[in-house]
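> Structure in structure tokens, see below.
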Amino acid sequence: MFRSRIWARNLLLITVISCIVALGFDKRNDTDFTDGEGIVEQYLMARQEAEHELEEFYETATPGDEPDWKSEAMENLRFNRERLYQAGLSAKDVDDLIEGDPGMSMARTVGQNSRRKCRSTRKRTIEIKPSRRWTKAIVPFVFIETTSEAGQTEIIRSMRTYERFTCLRYVPWSEADALTTNKRLGLGHESYLSFVDGRGCWSFQGNIRKSVGGQKISCCGGYTCIHEIGHAMGESHEHQSPNPDRNRMIRINPDGIQDSKIKSYSENDGRYVKSVGFDLSSYMHYAPWSFSVSGKKTFIKLFPELPHKNSYFYLMREVSLEHKCQDHCGGFPLTCENDGYLTLVDDKCSCKCIPGLDPATGCTSVFKSDPEDIAFPEGQYAFPAHSSGCPDGSFLLGSRTQINDGGNLKTQPFSVGFDVSDKKVEHKFCIKDLPSEDTIWPGANFCMYRRGGTCPKGFKDGFIQFNDSPTSTSPNEQSGELPDGVYGDDTRFEYCCTNTGFSKDELLLPSRKLFSLIKRRKQNCPKVRGMHYKVNNLRIRNGKDDGIAKAGGHHPMYREDKITMGYWTAFCSYTPAMLDCGDVIELDYSNREVTIHSPDAPELECYWLIKAPEGERLKLNFNDFDIKGAMGSCIDDLEVRYVRPGQPGIKFCGPKWERTIISINNTIHMRLSTYGDSSSRFTATIKLVEDADLCYQASDRGMTYDGDVNFTRDFEPCLPWHRMTHCEVHPFQTDKFNTILEGNSCRNPDQGTGFMPWCYTEANNCIRNYCDVCLLSKRFDRVDNCDELKASGKCNLKECAKTCADQYPEPNVPTKARDVSCPVPGPAPDGVPVDVTKNRFAVGETVKYKCEHDSSFKLRYCLSSGLWSAMGMVCSECPVEFLLNMDNKKCYFFPKIKKSAVDASKFCEAKGAVLAFPESEEENVYLRSFGTSNILLGFTDKIMEGKFMTATGKPVNYTKWAKSEPNNYRGREDCAEMSIDGFWNDVRCTRRSRHFVCQAPMTPLRDCLDFSDQCVKLFALYPAMCGEFSGFAEMHCRYTCGFCELENAPTCTVDTPGAEGETTELTRGMTMKYSCDKHYTPLSGDAVRGCQADGSLSGTPLECIKDCPNGWTINLETMHCYKMFDTPKNFSAAEADCEESHGTLATAYDAKEQAFVSSLKGVKEAIWLGLSDTTVEGTFRWANGSRLAYSNWKEGEPNDKGSAGEDCVQMHSPSKHTSSSTGQRPYQRSLKLGCQAKIWLKIQRPKDQSPPFLAITV
């Protein structure tokens, strides 16, 4: 289940004079703030790693102890510090960044007193746990002198956003007469944020208690600044969360990450970072293209439809809770529920709720009316009047009429209260004239008219001067109260504009009266809770260009019309939405479903929050659905949130929605927004989905599911597991529950990386998706022409799962796991079940088998089918979890944890093993293959100084000491470690934590059997497994792979490729590899065939087909060759070129061919297709005369646009089809072209070819 965010724990950094910590990251812009990340971030991350190592050291250090200044972390810090020096930063910037660096040379010579000082500081840190927070939630800050006004505005906007939704307050820092802001406010520290124009965007993490010079932060702008200030407030990167749900929501793709940025995606250590949830939508999360290479994604979303990096609700919630904002509201009468939190919202104690819920009820009900005390802020300002007048009686009314030479224009509809004609504009104003020095408007982006000579706090002034043309008969006029300006023969308006918020945040203003605001240029209209807005545009003509007309400062004029010399401004016109709808609904075990009908009313803003008991889920189906618009271009929309209610969801619209939505947690949160008198509507049924009703064991997340479903929740066909050996999970691993990875059925072999069973759907990028194995969801069609596809014999499950259900029938409805049980399992060939005390076992339960000859054992799982998991041998050559190395006849276990040499030895002894030690260069290389950091070795000279003995008490014969090692530094180094270069170094046996490997002797087996009864089937599917995955073969498939009992065993006689008349004898487990001749491509059969136990070869003979001509690409699905031509040509010339190549323009008869052609054309290219309606208008046919069945038209196409019409078809990005204008002369537009031609077929078999072959003996 998902719950909240990541927070950095108190960290230690040992320096010469202080103990501080840093963690920062470099981001550039709103589109992707990580594009500029680089050297600064890598240095700060290396510094963090070194600081964590030092913290561990000083946990138990005694006076006189020295840290390991040559450790891997320190060497990495040294390397990145050197890169920082060479990065082109100013000397001052570098000095600021490396101040307190724990690896600087001075730290190595620090004396005992200094170290004691640091340890003392750390003790105080433990006692004052929030020391990384900002005391009293006050954050002093300064701007460096070079920060531009625009840069300051962006930073202030982000700070104001934190102030709106937390109790944090950002105050300017100053110092006078040795009294700093911090001392004056009694903060107990001298740290403050110093905003710099650094290289890229980065920040230290948390309050680092810097005593001099300020804590540097390079914030950039927009949402990037939200991200960086989040770091300064203590937040870590979300995609590095140690929360287990991280690996169930995203899959990190190391192949897509720049080598130098891998650590930017590594999982944070849970000892230093606290996480109580995972938030894919957080602005603290990277985008999939951040630091990417070759167009690959750096991570794959396992729920690909979900949005990412577009919210800060949970970020603000975490910052607020960690700074104890709730303590500012003592005696508050409500508890904030449904993920709401108590804080200061716009300077008032209130619940900050998820969208649509009412703070006045503690977020327990839907917001349906304004609170009684809500009002427009006091002060002096003016709004443009709405066509209905002013919002209430607190406003004074005034008007100003401008006369000009004609050319005024307003867009329709226009609901601002201005009378606009060709030569006259009468402005009407709503004037607020209640002077107040304390009024602070909430952060937003809009403009007002100025009143009273000054702008409210947070606003900046500007003006627009018009050049009017009044006459004696048509003069400029005014009446009533006016905003600040000059009102004579010309008109000048004074404005106050603010840019202190983000348009997605709602203003809390009276919502039951119509009113208007002035739109700030280059910004969206601000949202107002409970209201909808429309943008009204107005152009006012200026007279002759004599320099009178002008605009300056912060004004709303967004465009100057050069032809009419008119100024364009825009207005935000607000209309109350219908709020008396929606509800908070709780389902339980006695009330298991609810049906929701949308209201039949205009201008809706309705919210529904449906809740299930904790740990359960919900299923949403639409019985009726018609929301105005189309996906991607909604007019009205229904947003559905089904992860966490504070995370943005998916906006749905269109004439139907057939797909079932199943929540990931226990809530579904919906918002329906309609605009005007809309006919949009829906009826939905939401049902409780209990864990007890699932067809798999919910507690193991479907690890023991072994049903037959072999398509995803999106009806994508699953790929066979044995073909995914290049991916993270496949049947030949030894660290996954892989005994049921067979065929292409959905499975979940690792609970840590999956919420439920899943499968691979795309081989190239190892793309995977979750499966609805319990068949809870309805079938649905993705495209609109499924009937045509079915009629033409081109049904496919992914596009037309509903229409083509008869051709792709579903498996039988699975039995609920609670109704399935397994009987007492029988004996194994070399072992029996022990401690069996009952006759039936529930799904997910295990039985322990004990070896008849030794103490080894094996667990067997009760599966969802009522069968037991695969079982071969019980007795093992190695203890449980250990891996056999056949070369040295030893067993090894790498626990992936760090301990001191003493504790590591105890850990291994508890497993019946010893700390591993190499006895040859080969063993040294093998041990070095475990992990990527230093590892401890099982050597010690405790008994006699200088005479190292192995962990088994024998003298050390093989050595690989580094230069000047062992040196028994300070007389305390009696144990050993191996560095990443393979050389050894003596180390202390206590204090220092390192990775380590346990080692145990191999126990010879009495029987030659497979450890898994799936080995025969796996070998038939993938005979190369015995050589490619020797570890798996040795551990699981000894007999099938020929590790034993080969005497008198049947052999396989095969023709030797390249040697006519000769044969080769293969023993069990050996393979023969075949390949096609040059200019031929595999068509069918198997390139690798293995010798099976009965003397037969696996698979079928390899058949080859003649390859395409040079430069052409083969598509075995269509048996055609394809080629992209880079020279653009019109349709007729393109057709002629393809005919000369004995082919036609490319076709896309179905989704598979569409995807293939699209992959050839490139992302940004547009190409002609061999499709047109030149013969009969509206009847599109392919070049071979066949009628169009499958189509992939862009929305609104085909449209036969223009006087000449459009008769030809192009494929463009993103692979959608559009009709193309023919112009005055047919097919005149030039595009690139793709041709296709039939392949000349010629079948080859192995005996006809002379390929190289490979025989693998195992």
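For all residues, glycine too, the Cβ spot is worked out from N, Cα and C.
Per TrEMBL, the features are:
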type: BINDING; residues: H227, H231, H237; note: Zn(2+) binding site
type: COMPBIAS; residues: 1194-1204; note: compositional bias 'Basic and acidic residues'
type: DOMAIN; residues: 119-326; note: domain 'Peptidase M12A'
type: DOMAIN; residues: 581-689; note: domain 'CUB'
type: DOMAIN; residues: 701-786; note: domain 'Kringle'
type: DOMAIN; residues: 820-877; note: domain 'Sushi'
type: DOMAIN; residues: 887-992; note: domain 'C-type lectin'
type: DOMAIN; residues: 1117-1211; note: domain 'C-type lectin'
type: REGION; residues: 1194-1227; note: region 'Disordered'
type: SIGNAL; residues: 1-22; note: signal peptide
> Work out, from DSSP, the number of helix, strand and coil residues along the domain 'C-type lectin' (1117-1211).
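Taking the domain 'C-type lectin' (1117-1211) as a whole: 21 helix, 34 strand, 40 coil.
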> As a test of reading the model: what is the averaged pLDDT for the domain 'C-type lectin' (1117-1211)?
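The average pLDDT of the model in the domain 'C-type lectin' (1117-1211) works out to 81.
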> Do you know the DSSP helix, strand and coil residue counts for the domain 'Kringle' (701-786)?
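So the domain 'Kringle' (701-786) is made up of 7 helix, 13 strand, 66 coil.
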> Quiz question: given the binding-site residues H227, H231, H237, which has the greatest number of C-beta atoms lying within 10 angstroms of its own C-beta?
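The residue with the densest Cβ neighbourhood is H227.
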> Counting by DSSP, what is the helix, strand and coil composition of the domain 'C-type lectin' (887-992)?
21 helix, 26 strand, 59 coil
> Can you count helix, strand and coil residues in the domain 'Sushi' (820-877) using DSSP?
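Each residue of the domain 'Sushi' (820-877) counted once, the result is 0 helix, 24 strand, 34 coil.
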> Across the domain 'CUB' (581-689), what are the DSSP residue counts per state (helix, strand, coil)?
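Tallied per class, the domain 'CUB' (581-689) gives 0 helix, 59 strand, 50 coil.
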> Looking at the domain 'Kringle' (701-786) and the domain 'C-type lectin' (887-992), are there 3+ C-beta pairs under 8 A, with each pair at least 6 apart in sequence?
no
